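Visitor: The structure's right below; bear with me while I get my questions together.
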Amino acid sequence: MAASVTLLRLLLWPMFPGVRSCPDGGSLLCGEPAATEKVLDVQLPGPLPPHSPVHLQGKIGLPDPLTVHVSLLSAPPASQLHSSNRLYVSLYHRALCLTLNVAWTALVHTQLFMPNVAEEVDDEEEGGDDEEDKNDVTEVNDENGVLVLNDDNFDTFMEGKDTVLVEFYAPWCGHCKQLAPEYEKAAKALSQHSPPISLAKVDATQENDIANRFGVSGYPTLKIFRKGKPFDYNGPREKTGIVDFMSEQAGPPSKHVQTVKQVQEFIKDGDDAVIVGVFSSEQDMTYDLYLEACNNLREDFKFLHSFSSDVAKLLKASPSQVVMVHPEKFRSKYEKASYTLTIKDSTEVSEVQDFFKKHILPLVGHRKQSNDAKRYTKRPLVVVYYGVDFSFDYRKATQFWRSKVLEVAKDFPEYTFAIADEEDYSDELKSLGLSDSGEEVNVGILGDGGKKFAMEPDEFDSEVLRDFIMAFKKGKLKPVIKSQPVPKNNQGPVTVVVGKTFDDIVMDTKKDVLIEFYAPWCGHCKKLEPDYTALGKKYKSEKNLVIAKMDATANDVPHDSYKTEGFPTIYFAPSNSKQSPIKFEGGDRTIEGFSKFLEQHATKLSQSRDEL
């Protein structure tokens, strides 16, 4: 490339029209990527001037020729361009415009001229859009290949990004320092991936709002973001492992299986249901729809697809059908071994995803630490604890007790049933008060609002289990609440709440309550303590207002409305609306900030701010 000329190559995926829902919603003229890429080369007279407008234009066939005018409102610094000067662009058809997501952080204004489709947009309107976009540009810095995100640029950067790996770190953290060189090497390697995969980092000690929003409580915490939605990163933490793992994550969400043997192995040995889409070819529109449905759930399910007639015969499926088959060890006479969904061109993506979620669990599944958060979040959940082991020597004993549970589960379709190994869930058994029951089999019910119910230790059989569930259904059981001892002297400026007193204090409809949920090890909580104590002293004379705190690591919160995703979390519970508390967020965690918040929301404040 001559020194006086800059060649920009835009790699375009051609779009074939079809009515489909676009990412930003609405009924739009959209299309799906075809296998062949199109390239638009543009020469500029000289190098790209950083942070200044650049206008490009060229022609491309989609199959009909059209002209694309691209206005880069903030040209990327040379350091942010790939060595090939190739800008990867993903396209979505819309009525009059193309949205381009480029490899650097800059807003792009585009104007699309399609023969016999649209009139030109007048210059005044286009100029107005340019001015609006200029105001929205948010710069992202780069440190050794890793993008630096903060409160100002995080959400803007994530918009439209298919796959981004983010490290939440603390500058003083030894593990973070150990990870840093490997993470930087992986970032540089993945920037050459086609298309590039961004690696970013957030200083969680400075960007508190972001860290709290995503529940960051330890360092380093790594999360994969897809279209802004976070997923836990469970991959390696060295350069090669990160590159391989993220390359796979950026690939197709479904694995192509070509033989009957491959499918049979998944069905026989797996711990989860096997989901297989059967299609006639890659050009099948329903195949594209299946992949779209899989993509947003790829962290939660294992997806397969096949174009083989032999695989279709094995699954008793026709092209454009999705079959879900449960592993042999989880089948029973009370349920179907497989479920089938026929996908049509008119089928919504949400319908396919609902099918996955509805049938993924067998009647009585195996709850484990590895699948708990993905499979067993629905409540009420009936859990039967014993020595669960599906290896050859212990499978018969495991299935013996599971069969007892099946006899009851079939009669209560409104509840989810699972077996769980007692050693894997020893802490949960302890919280249920069953760790020293002396019984071979124990049972607990995890109910709504974090409430837990324990079956009294007894010799286990189907009828004992049935009686326990019937008592729960009729509301005759008292919940087990994890709680610290009730304080004997609770007369301090800040009232101490424990699990056993939560309803008596926080849910008291005669009083407004401001409650802080904290963790003893939390640095932010320790920093807040002096001001929070002073706040309690300030309002101590208010008979109808309680300033309270609760160690959320040692006590159960028996109401879903008071969700704690980070520490400290502070809620105001009005006397007239206990089930709809108001979360304190965005304000200063100072006496003045809390006072302003209380004056705004209190229903029973008797004194004015000046009087106090």
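Including glycine, each Cβ sits where the backbone N, Cα and C put it.
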Visitor: What residue among Cys97, Cys176 is stated in TrEMBL to be the disulfide partner of Cys173?
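Guide: Disulfide mapping in TrEMBL sends Cys173 to Cys176.
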Visitor: If you count Cβ atoms within 10 Å of the Cβ of Cys173 (disulfide bond), leaving out that atom itself, what do you get?
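Guide: Excluding its own Cβ, the number within 10 Å is 16.
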Visitor: Using a 10 Å cut-off, grab the number of neighbouring Cβ atoms around the Cβ of Cys525 (disulfide bond), all chains included.
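Guide: Taking all protein chains shown, Cys525 (disulfide bond) has 20 Cβ neighbours within 10 Å.
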Visitor: Taking only same-chain residues 6+ apart in sequence, whose CB is under 8 Å from that of Cys522 (disulfide bond), what do you get?
Guide: Ser217, Phe567, Pro568
Visitor: Only counting partners 6 or more residues apart, tell me which same-chain residues put their Cβ under 8 Å from the Cβ of Cys176 (disulfide bond).
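Guide: Set apart from Cys176 (disulfide bond) by at least 6 residues yet with Cβ under 8 Å, we have Glu167, Tyr169, Ala170, Tyr219, Pro220.
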Visitor: Just give the helix, strand and coil counts over the domain 'Thioredoxin' (129-251), going by DSSP.
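Guide: Breakdown, helix to coil: 47 helix, 28 strand, 48 coil.
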Visitor: I'm trying to understand the geometry here, so how far is the Cα atom of Cys525 (disulfide bond) from the Cα atom of Cys173 (disulfide bond), in Å to the nearest whole number?
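Guide: About 19 Å separates the two Cα atoms.
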